[in-house]
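For reference, Swiss-Prot has these:
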type: TRANSMEM; residues: 8-28; note: transmembrane segment
type: TRANSMEM; residues: 44-64; note: transmembrane segment
type: TRANSMEM; residues: 76-96; note: transmembrane segment
type: TRANSMEM; residues: 142-162; note: transmembrane segment
type: TRANSMEM; residues: 184-204; note: transmembrane segment
type: TRANSMEM; residues: 222-242; note: transmembrane segment
type: TRANSMEM; residues: 289-309; note: transmembrane segment
type: TRANSMEM; residues: 326-346; note: transmembrane segment
type: TRANSMEM; residues: 352-372; note: transmembrane segment
């Protein structure tokens, strides 16, 4: 029992995170130097994301009997994304207005260091709906894979899958090659995941060593408010959706606990993407659904980022005494409904989208972003964790709506009946 515990990735990553926190706190300079360990692990994961998405989507679509099912899955997924992310935006807006974490700070925007956020503001001006949609189309297929742009790879994979499906038996050889290649890729993922504890240790040691616990105390009310809101969203909103779909949210969280710990250590939901594709398929969701919903959700279903965007924007307004009436807040909500959909497709993710939104609304000082620049790194964990759980739940819901979910396999896996059956066979 003890040996299996020590060998489990869950225990190893958890231990690594704890050691990283201690090192960063007591030896901050040494902790800050551990950054390359976390960066290297995330780069290894990003290296494999494009081929994983390509193989999963192509084999999923090419193996389907009807192409109408693919279109139906995509439409249902986008509808779900829009509804749930809107709920997340509204919840963030309501909570920040009730708690008012920025009230009483009385910060003069003129005293803030605008240079600190100048890079983000400049990048935000380059972002727009048209630019985002145009960016989905790659200049070249090789460029899409080289840059690791998820949506570009997804677009090419969908087109490739459709074309391969139309070939019928003539394309069987290509299908078999891609399926075999997929098995090799997942073998590489298993090797990379053995390094997850080292990556989590390095990333956490750097975070604590670089920013220190003192940063948390200064703006702690916003951080606590945000974390509690994310927990409530997962338990209440996603929990209700899960219950209506026929599974328990806590059992699902237990099922993906290793992926959650990897995300917690690296602050990047992308680090768990390859394993999520595999795990959601083992949970009973058809490969074609998993291949479409998970990668698309990384740009269109960022629940944690949605909560962060509304809370951060209103917090800046409260801290700088920039009054926001109901009209301003509705305008903010409408702008975020559009701008939040490209959060994962831009460098700097949520922070740049926040800068773009504040610039578009025009009522808030862009320099106010400097207030949360220092604590943004600490809030990224909750964003990434909520995003991961949200995309997992979305996959199950969409799979059930389009009747591509094996509910018996879902319940057996979440209730550990499969592992219990294997144990019984071994003992007998």
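Cβ atoms are placed via backbone N, Cα and C, with glycine included.
Listed stretches 8-28, 76-96, 142-162, 222-242, 352-372 were compared with the transmembrane segment (184-204); the greatest number of C-beta pairs under 8 angstroms is found for 8-28. Away from its own ends, the transmembrane segment (44-64) comes close to residues 70, 144-145, 148, 150, 153-154, 156-158, 160-162, 164-165, 171, 175, 178-179, 181-182, 185-186, 188-189, 192, 195, 268, 270-271, 273-274, 277, 286-292, 295 of its chain (Cβ-Cβ under 8 Å, at least six residues beyond either end). Sequence-distant contacts of the transmembrane segment (142-162) (same chain, six or more residues past either end, CB-CB distance under 8 Å): 46-47, 49-51, 53-54, 56-62, 67, 70, 135-136, 291-292, 295-296, 298-299, 344-345. Taking Cβ pairs closer than 8 Å, the transmembrane segment (76-96) reaches residues 225, 229, 232-233, 237, 241, 292-293, 296-297, 300-304, 306-311, 314-315, 318, 329, 332-333, 336-337, 340-341, 390, 394, 397-398, 401-402 in its own chain, all 6 or more past its ends. Long-range contacts of the transmembrane segment (289-309) within its own chain (CB-CB distance under 8 A, at least 6 residues past either end) are made by residues 53, 56-57, 59-61, 70, 73-74, 77-78, 80-82, 84-85, 88-89, 91-92, 150-151, 153-154, 157-158, 226, 229-230, 233, 238, 269-270, 273, 276-277, 280-281, 336, 339-345, 349-350, 353-354, 357, 379, 382-387, 389-391, 394-395, 398-399, 402, 404-405.
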